[in-house]
Amino acid sequence: MSSARTVRKDKPRGRHHGLTQQKRQEIKEAFELFDTDGSGTIDAKELNVAMRALGFEMTEEQINQMIADVDKDGSGAIDFDEFCHMMTAKIGERDTKEELMKAFRIIDQDNNGKISPEDIQRIAKELGENFTVKDIQDMIEEADRDRDGEVNVEEFLRMMKRTSYAY
């Protein structure tokens, strides 16, 4: 037997290793519930209802794009594995966005919905960083699209999306 043909047993099987068993079960139940014709697949209309039930509001174009992204046979419908793969990505996006929202609220000390230069100075000091006024001004200008001198939540999320924290 050639060592090149040895199969590794410790490798995770399947495409769903990023999900908890409970989350996978919820996705399976949603799939079965919304596979209304019992075909073993979900079409665009069924997917839209399933996504809303799982807490995602989506446009018809987004639904059709999601199907196109995972529909390997071009049938216009997706099976459970495709649905699970797609939902793993969507849940990851939502979790990352929730984490970014928590970070925004921590930085926005006065809870006015905007990150000010003072907010950045305070959090930097708490983290042991020492930024100059110019450093902070540059950070704000990088993200501040409406040019009000502060960073609102949309600007913050857009900025973070351009970095390694993409959601």
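Even glycines carry a Cβ here, placed using N, Cα and C.
Record features, source Swiss-Prot:
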type    : residues                          : note
REGION  : 1-23                              : region 'Disordered'
DOMAIN  : 22-57                             : domain 'EF-hand 1'
BINDING : Asp35, Asp37, Ser39, Thr41, Glu46 : Ca(2+) 1 binding site
DOMAIN  : 58-93                             : domain 'EF-hand 2'
BINDING : Asp71, Asp73, Ser75, Glu82        : Ca(2+) 2 binding site
DOMAIN  : 95-130                            : domain 'EF-hand 3'
DOMAIN  : 131-166                           : domain 'EF-hand 4'
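Around Glu46 (Ca(2+) 1 binding site), a 10 Å sphere centred on its CB holds 21 further CB atoms from the protein chains shown. According to DSSP, the secondary structure content of the domain 'EF-hand 4' (131-166) in residues is 20 helix, 2 strand, 14 coil. Nearest neighbour of Asp73 (Ca(2+) 2 binding site) by Cα distance, taken over the binding-site residues Asp35, Asp37, Thr41, Glu46: Thr41. Beyond the ends of the domain 'EF-hand 3' (95-130), by six or more residues, the same chain brings 136-137, 139-140, 148-153, 156-157, 160, 165-167 to within a C-beta distance below 8 angstroms of the stretch.
If you take the Cα of Glu46 (Ca(2+) 1 binding site) and the Cα of Asp71 (Ca(2+) 2 binding site), they are about 15 angstrom apart, rounded to a whole number. Non-local neighbours of the domain 'EF-hand 4' (131-166) in the same chain are 96-97, 100-101, 104, 113-117, 120-121, 124; each lies 6+ residues outside the stretch with a CB under 8 Å from one of its CB atoms. Ser75 (Ca(2+) 2 binding site) is 15 Å away from Asp37 (Ca(2+) 1 binding site) when you measure Cα to Cα. Of all the binding-site residues given, namely Asp35, Asp37, Glu82, the one with the smallest number of surrounding CB atoms inside 10 A is Asp37.
Note: the Cα of Ser75 (Ca(2+) 2 binding site) and the Cα of Ser39 (Ca(2+) 1 binding site) are spaced 12 Å from each other.
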